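Asker: Pulled from TrEMBL, these are the listed features:
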DOMAIN    24-113  domain 'P-type ATPase A'
TRANSMEM  129-150  transmembrane segment
TRANSMEM  170-193  transmembrane segment
Amino acid sequence: KRTDRGAGREGRRGNLWDQERKLRMETVGIGELAVGDVVLVREGERIPCDGIVLQLSSGYVDESMVTGESRAKRKEGGDWLIGGSLLVRGHVEMKAARVGADSLLNQMVKLVEEAQATKAPMQLLADRIAARFVPIIVLLSLITFTVWYTCCSVHLVPLDWTNVAGRPEPFMFAFLFANAVLVAACPCALGLATPTAVMVGTGVSARLGILIKSGAALEELHGVSAVVLDKTGTLTEG
């Protein structure tokens with residue numbers, strides 16, 4: 001389709017026919033493919049984008065990374081190809097139909113990112129607690145500062161206790177106590193623990209081929225005692 005494009009520098013590439021469909025081809029980066037481009041995929045290569053197999057072309061494609069199907073499927077003219085799947089036998093010519101962010105693989109990545117961004121019910125509860133807890137902690141810190149500074153002012157605290165660099169510093173002495181209360185009672189764990197767990201859980205699951213749509217779904221998994229699957233080979237071997 002295009003004769004003036006340089007070779008791509010991205011991880012996956014597409015072998016692009018020229019407009020006259022001669023034997024000359026051009027290898028371009030996956031990001032340079034456009035809808036309507038005709039791409040040649042050889043045995044052992046991954047499908048660079050979503051598209052349709054052209055006539056007089058066929059091959060066997062492993063789509064397990066998307067569908068979980070353990071066996072390669074035969075693809076012939078008019079069949080749909082999923083970007084990222086592996087051509088295990090034969091070679092196919094395909095017409096690009098969905099590229100870049102529109103491809104199924106990129107939509108799956110977007111789904112995982114959205115799941116990591118959503119808040120689980122436990123996280124919403126933690127946020128509500130933290131929203132009320134923080135003002136209380138700040139108030140306790142101010143009370144601590146006021147009490148200790150007052151005690152220093154009326155000489156209820158020995159002056160040598162307040163020495164900083166060889167001289168009395170009641171303000172700094174009281175501030176250190178107030179700061180200790182603020183640091184010790186800071187509800188950082190409430191705000192970080194749940195989102196960190198959701199992010200790690202959805203990321204690890206995606207690497208294992210399991211897509212979790214939301215933090216709420218991940219949280220409810222702890223109550224699941226059985227999973228029923230209708231595909232032989234999805235989780236079995238042999």
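Each Cβ is built from the backbone N, Cα and C atoms, and glycine gets one as well.
What TrEMBL says about a protein is an automatic prediction, not a curated fact.
Give me the structural setting of these features: burial, nearby parts and distances.
Answerer: For the transmembrane segment (129-150), the residues of the chain that approach it from at least six positions outside its boundaries are 157, 170-171, 173-175, 177-179, 181-182, 185-187, 190-191, judged by C-beta separation under 8 angstroms.
Taking Cβ pairs closer than 8 Å, the transmembrane segment (170-193) reaches residues 126-127, 129-130, 133-134, 137-138, 140-142, 144-146, 148-149, 152-153, 157, 161-162, 164 in its own chain, all 6 or more past its ends.
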